[in-house]
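Copied over from TrEMBL, here are the features:
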DOMAIN    2-184  domain 'Large ribosomal subunit protein uL15/eL18'
REGION    152-187  region 'Disordered'
COMPBIAS  160-170  compositional bias 'Basic residues'
Amino acid sequence: MGIDLVAGGKSKKTRRTAPKSNDIYLKLLVKLYRFLVRRTGSSFNAVILKRLFMSKINKPPISLSKLIKFMKGKEDKIAVIVGTVTDDLRVHEVPALKVTALRFTERARARILKAGGECFTFDQLALQAPLGQNTVLLRGPKNAREAVKHFGKAPGVPHSHTKPYVRSKGRKFEKARGRRNSRASGSDPWGPIFSASCGRYPPSSPLTFRVSFFWVRFSSVLTL
């Protein structure tokens, strides 16, 4: 007698079940929150445990300014961030906040404490709010990395806002025809010829007018 395997045993779970880091303090937190998830059944603890497993990219930092913005009107609650809290020099007034995070930068911690706030670790949070009561779970922006700016359509093609991996910014760097709308898109076979003819002479020259007039006549013939 056999057993029924989902998709013939080819269905694999690809999510992490433990952190890849060898940080013993992180492993102790994982052990603590595994226990809390098992014994309390709290979805808050399950989310914290899942985020403790995540890679560095998926644990983005959050700035003090964003923290203040998200906690406006919720000063009596504890902000929870599975990541780093960083300082923001553009903020002049910091309210008294209660924050739990994996890490605080030196200046961010000093400013929170100076304002009469509190900085907790996750083991302290487990004692204060074992079920996640009176907490606000936050996370930093995942796509604020420099690398993400280079993702998407090729730089320079129509409607692309992708940042190019360009050596320098100048006349000779990624400015050629086929990369800008004003120099014809690469999808138009007649575009480079038309733009090359027009680009060689000033707009007021008779040759430019002749080429553009020919192009209009030729386009109308094609449509007919």
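Even glycines carry a Cβ here, placed using N, Cα and C.
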- Query: Any idea what the model's mean pLDDT is for the domain 'Large ribosomal subunit protein uL15/eL18' (2-184)?
  - Reply: 91
- The correct DSSP tally for the compositional bias 'Basic residues' (160-170) reads 0 helix, 0 strand, 11 coil
